[in-house]
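Novice: This is the structure I have questions about; it appears just below.
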Amino acid sequence: MVPLEDALSTCVAEVGESHSVCHTYCFRIRNNDIRLALRVRALRIRRVRARVKEFVRQNFGLHACGIAEVEEFSQRRTGDRLATVPEKPSDAVLVDGGRGAEAPASSADPPRAPGRRRRRRSDWRQGGTAVRQWNLTVLTTALIGIGGGLVVSVTLSRLGGPWAPLASSMALWAGLGLPVVVALRRARPAGLLRVRSIDLLWGLGVGGGLRLLQGWLSGAGYSTFPSLPSSPDSTAWGWLWSYGVPSILVAPVIEEFFFRAVILVGVYQLLRRGVGPLAAATTALLTSAGGFVLLHSAFSSLSLADGVQFFAVGAACALVVLLSGRIWGAVLAHLVYNASFMALAVVGTILA
């Protein structure tokens with residue numbers, strides 16, 4: 001028989017040499033100053049304390065009201081190692097699974113606690129295996145994709161011709177869409193693609209509010225309705241069907257998945273553990289909104305009001321994703337924002 005303190009110290013030493021998802025908590029029973037090492041699978045200390053109390057009650061007959069957590073070890077389960085306590089607390093038997101001689105077990109050995117599976121996370125904002133796959137590799141792919149898409153898109157837009165606007169947009173969408181596909185093939189963060197009916201309210205409220213803000217910043221109360229652009233090669237209605245409608249339906253989806261999914265979520269998960277959720281969310285929001293402004297400034301010079309408006313759109317959509325944990329509210333808000341301008345332009349063209 002091995003003394004209790006030696007047996008438990010050996011068990012804890014073996015546990016400390018390994019690594020795992022479960023934890024070993026070392027407790028002190030104040031009643032008789034006995035150190036007790038117990039390995040349990042639990043994510044909350046309340047469950048751990050309950051298990052320790054039951055363990056002590058069965059083996060020592062004490063109420064164990066003075067149990068306090070001393071320290072915590074990480075371990076990888078490489079064998080069955082646990083200290084079993086006979087009826088007398090002065091002795092113990094150490095059972096070593098596979099690496100040493102196994103001492104005879106006492107009839108009073110406690111039953112092993114059943115293994116508990118780690119509960120799958122339902123929100124990417126809390127971390128998880130899936131969201132950790134959106135790492136520097138995904139962000140690097142995003143930078144390469146947007147850089148290549150911008151070069152090709154700007155080049156095509158300056159060539160002229162009736163096909164240039166649509167070809168330029170398609171090149172940009174391809175550059176933004178490729179990193180999105182790569183990221184979603186690697187993993188799908190928990191809850192990001194979930195759809196809820198309240199997302200429709202997010203979209204209508206935020207999108208309509210952003211359009212009102214744009215009208216206030218641009219002095220819409222003192223100007224005429226916007227109108228659809230036209231050229232000798234294309235009528236206003238031809239431009240609407242060939243370029244306007246795709247911009248309403250396609251652009252919000254691709255841009256939001258790029259900036260508010262890949263960029264926002266990627267930056268957030270990289271910084272969350274290091275600086276905390278609030279600082280990580282703020283940095284991710286500013287990065288996403290700033291990139292959105294830079295993207296639109298690549299095609300034409302922006303006034304101060306335009307820059308503020310684009311930043312407001314990016315920040316508001318990012319905030320929707322951070323608050324709800326879902327992407328579709330931001331997509332709908334962007335769609336409502338674009339569609340409302342097209343509706344005003346159609347009205348202006350008809351009145352003109």
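Cβ atoms are placed via backbone N, Cα and C, with glycine included.
Annotations in TrEMBL come from automatic prediction, not curation.
What TrEMBL shows for this protein is this:
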| type | residues | note |
| --- | --- | --- |
| DOMAIN | 239-339 | domain 'CAAX prenyl protease 2/Lysostaphin resistance protein A-like' |
| REGION | 91-126 | region 'Disordered' |
| TRANSMEM | 134-157 | transmembrane segment |
| TRANSMEM | 163-185 | transmembrane segment |
| TRANSMEM | 197-216 | transmembrane segment |
| TRANSMEM | 236-254 | transmembrane segment |
| TRANSMEM | 275-295 | transmembrane segment |
| TRANSMEM | 307-324 | transmembrane segment |
| TRANSMEM | 331-351 | transmembrane segment |
Novice: With DSSP, how much of the domain 'CAAX prenyl protease 2/Lysostaphin resistance protein A-like' (239-339) is helix, how much strand and how much coil, in residues?
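Specialist: Helix (H, G, I), strand (E, B), coil: 90 helix, 0 strand, 11 coil.
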Novice: Report the listed stretch (163-185, 197-216, 275-295, 331-351) having the maximum count of Cβ pairs within less than 8 Å of the transmembrane segment (307-324).
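Specialist: Top-ranked stretch among 163-185, 197-216, 275-295, 331-351: 275-295.
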Novice: Three or more CB pairs closer than 8 Å, sequence separation of 6 or more: does that hold for the transmembrane segment (331-351) against the transmembrane segment (163-185)?
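Specialist: Between the transmembrane segment (331-351) and the transmembrane segment (163-185), contact is absent.
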Novice: Six or more residues beyond either end and a Cβ under 8 Å away: which residues meet both conditions relative to the transmembrane segment (275-295)?
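Specialist: Non-local partners: 125, 146, 150, 255, 259-260, 263-265, 267-269, 302, 307, 310-311, 313-315, 318-319, 322.
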Novice: Which whole-number mean pLDDT does the model give the domain 'CAAX prenyl protease 2/Lysostaphin resistance protein A-like' (239-339)?
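Specialist: Average per-residue pLDDT within the domain 'CAAX prenyl protease 2/Lysostaphin resistance protein A-like' (239-339): 92.
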